[in-house]
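The feature transmembrane segment is assigned by TrEMBL to B:5-23, B:38-57, B:69-88, B:108-125, B:137-159, B:179-196.
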């Protein structure tokens, strides 16, 4: 099978389900349910920190997750502090936070703030543990934090109920992570040890969270495309193996080195 | 002298960061906070070094009209345009910088990331062969996880997502945990070698 044909099959398997909805039923995994329950049990007025630690390349995957979580936070009347520990997360994070806040009539400075970006994330994370104002003296719109009503009672992590990292790479109190599917496996040891409350893995995580908050979005739409795409790849792998076994029956079951030696 | 001073600085700061963790006194906490501030300041300068290095390398290729110099020129123009737009009207809402970021940079980067799907499919078709028992097992597990992580899996059978979740939560996590323990031990030993001046390759030269 030519490479061009494979590329066309993949393009069609992604594009067609995005246009024509299949509506395959999705199930909520315990990791996603734990994030939902953690946010849901917080009282109105509790402070949640959402860190946009991703690059623009993973936007189609992380944006639906960030939107779903922020919709839940604002619907629960939680106070949201947004920030970015990767430069490209700044513009993306600020836009997602502002757009979602506007939908819920949340007021900047009272219900949410966006602190912007700080380089060298290890130093920024450790510094915020001591005093957020020292790392971020002003927010993204250059307003001193002391002048923002919701930041007057927030000094460090002790005043924050939950930290959510929306990330596309490896990355403290109670932490939930929303990351790309490819990076999700990296977080299972922390989930198992109880260092993390829950995990949203890629578009599937977004789709599951959208189901929980009953607000369908790009996550659920994308799962049909991802299902068909995975199926096409599996069929391609099976076809490739069928071709391989039909072509070289004598080498079947032998390690490549033995087959080569023969 | 060129090597001795950095080794002494590294030893003093390495030892300080190690000891201060166990000393909750306000002088220790304040000094720690100052070091964290300086880490960020130093990091910003490393970004600057990166940008200068990128510009120099690409400018060299353009002036020498080396193969693919057009791409290097586009990279340089892109860098210059984003810096000018950012300095001109800032990076906030309704600025040319943000428009360029949303409508050029983000779609281009997403496109590059999306291309992975095409290459993964092509590579899987050509290279994912059950040449041995182990390769066959890997292939079967990959198929179960791929199906189990999408709604199609539970549509076929509930067993598929259950098996996929078990694979991720048990054997895959165990392997990851082993890797992390290895990374942790490696980090500790390398850090001690650097602090004690045994490891000097970071200084460059011979």
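Just so you know, glycine gets a Cβ as well, placed from its N, Cα and C.
Where the annotation comes from TrEMBL, it is an automatic prediction and has not been curated.
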Residues outside the transmembrane segment (B:179-196) whose C-beta sits under 8 Å from one of its C-beta atoms, at least 6 past its ends, are 10-11, 14-15, 18, 202
Maximum Cβ pairs under 8 Å to the transmembrane segment (B:69-88) among B:38-57, B:108-125, B:137-159 is reached by B:38-57
Residues outside the transmembrane segment (B:137-159) whose C-beta sits under 8 Å from one of its C-beta atoms, at least 6 past its ends, are 128-130, 165, 167-168
